[in-house]
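Quick look at what Swiss-Prot lists:
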type: COMPBIAS; residues: 144-155; note: compositional bias 'Polar residues'
type: COMPBIAS; residues: 237-248; note: compositional bias 'Basic and acidic residues'
type: COMPBIAS; residues: 270-279; note: compositional bias 'Basic and acidic residues'
type: COMPBIAS; residues: 280-296; note: compositional bias 'Polar residues'
type: COMPBIAS; residues: 297-312; note: compositional bias 'Basic and acidic residues'
type: COMPBIAS; residues: 332-341; note: compositional bias 'Basic and acidic residues'
type: COMPBIAS; residues: 350-359; note: compositional bias 'Basic and acidic residues'
type: COMPBIAS; residues: 398-414; note: compositional bias 'Basic and acidic residues'
type: COMPBIAS; residues: 427-446; note: compositional bias 'Acidic residues'
type: COMPBIAS; residues: 490-505; note: compositional bias 'Acidic residues'
type: COMPBIAS; residues: 506-516; note: compositional bias 'Low complexity'
type: DOMAIN; residues: 7-136; note: domain 'ADF-H'
type: MOD_RES; residues: ALA2; note: N-acetylalanine
type: REPEAT; residues: 200-209; note: repeat '1'
type: REPEAT; residues: 436-445; note: repeat '2'
type: REPEAT; residues: 566-575; note: repeat '3'
Amino acid sequence: MALEPIDYTTHSREIDAEYLKIVRGSDPDTTWLIISPNAKKEYEPESTGSSFHDFLQLFDETKVQYGLARVSPPGSDVEKIIIIGWCPDSAPLKTRASFAANFAAVANNLFKGYHVQVTARDEDDLDENELLMKISNAAGARYSIQTSSKQQGKASTPPVKKSFTPSKSPAPVSKKEPVKTPSPAPAAKISSRVNDNNDDDDWNEPELKERDFDQAPLKPNQSSYKPIGKIDLQKVIAEEKAKEDPRLVQKPTAAGSKIDPSSDIANLKNESKLKRDSEFNSFLGTTKPPSMTESSLKNDDDKVIKGFRNEKSPAQLWAERKAKQNSGNAETKAEAPKPEVPEDEPEGEPDVKDLKSKFEGLAASEKEEEEMENKFAPPPKKSEPTIISPKPFSKPQEPVKAEEAEQPKTDYKKIGNPLPGMHIEADNEEEPEENDDDWDDDEDEAAQPPLPSRNVASGAPVQKEEPEQEEIAPSLPSRNSIPAPKQEEAPEQAPEEEIEEEAEEAAPQLPSRSSAAPPPPPRRATPEKKPKENPWATAEYDYDAAEDNELTFVENDKIINIEFVDDDWWLGELEKDGSKGLFPSNYVSLGN
């Protein structure tokens, strides 16, 4: 048989209102409630009242009903809640079959918070005394509020022994009377002090008062969780700004003065400016260029692959090494002092355009560029080669050691042809006569080396007093090795030319870009055709030029007119397009 659930949700608001009156005790006239089904089988409040006896008499014999009452058990002032489920035998069968499930639903969902649950099927189960006893037992320990009656003890009289009288009268015996014990005096009554103060229990606690939940309902406990809503960015920014930046906090110095951040910024600017000035001075030759030590050579074994850590081109490194190598020979030369050139002025006037292009990566300011342009003269025209003006004297003086110590090494000028692509620097003011030759074409043709593409300034009309001031201009050096001596550069020259080269070897070499500028090259002369074939080579690998004066070629390209300017770097001309420049010797193989 299917269960038939009851409908108590339709009138749940009315039932809940009466239930709260009973539980809270807000209405003294309502202490019990009975709900019954109507014609639509919907449970609703049927009757209410205040007498527990009337509550037990109003259950109907033909309906399944549920009742709730608030009762004060005897001997206690604590009220308890009792719920009664009435299921008589005369009720419909289907309703009685579903009584247990429906009673549990009513007790758990509708009448919550009861103390005693009773199931009644006839009038015997609704006995008032039995129900009150159940409620009293459910209340737990009971503390009587009635004063216990004092038991009055009756004064016990000692038993009196009867005297024994024999038949024969003996001599009279005296009767001993019992010794009366003195009764103790009653204790004096302690006079009770009448204290009007209600706090006589020494607990100093306020008297408990019954709380009216309608007037002062219980407040729900507030959770400690605070939900995070929309973030106030302005508040967060203000808090962050209020914090002190630890980077700006300066520790007190020994003198107790605070460090100003603006002074630190100014110091950094000054340091960067001094660094740029030192780089300019090293380029102009006012400071001594750093020398290549053995440790640096060991650390930088392959500069072609690793790059130039000192940010200098191969030509500069080679020129520095040559200048250092020939510095001993240059000290023995005697040269008259130059009154027209003061010592504090720079020795050379390098090309301003090349200066700008060289230091473009250093982001030089416009002010510094203007100072450099004002300081140096404009460069000479490239269309016409500059001719070195002769010095005011014709014969060198005797070498003086004191003057040699005062004369800077950069006063010695080089004479020769620079390689293609190298920077040409003009020095017309400080290049008084080091050679007495006029750089005419006849002298160039007479001093031509056996290699066709190389123009060497010969000293045919040069005086015998100054053979050491001429030298063939060197080419770009290798990046990781020291070039071979000058005698190995032209092994095919005639014996007369070798003697002349040895005489010219004592002259100072071509300076680096950081020292005084070299003189401009002489006018190129048309090379004479030699019957002997010039060296040529075939490219074994592809090579891309890293600088303007280098040669770019691919595999199997033919390079002609090779000049062996160094062990690792050669100068040659590409056959297919006629371009000329330096190339690494390990990228090609010689054909003759």
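Cβ from N, Cα, C; glycine included.
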Query: Does DSSP give ALA2 (N-acetylalanine) helix, strand or coil?
result: coil
Query: Short question: which residues 6 or more past the ends of the compositional bias 'Basic and acidic residues' (237-248) have a Cβ under 8 Å from it?
result: 261
- line: Around the Cβ of ALA2 (N-acetylalanine), other Cβ atoms within 10 Å, all chains included, total 7
Task: Summarise the compositional bias 'Basic and acidic residues' (270-279) by DSSP state, stating how many residues are helix, strand and coil.
output: 10 helix, 0 strand, 0 coil
- request: Just give the helix, strand and coil counts over the compositional bias 'Basic and acidic residues' (237-248), going by DSSP.
  value: 9 helix, 0 strand, 3 coil
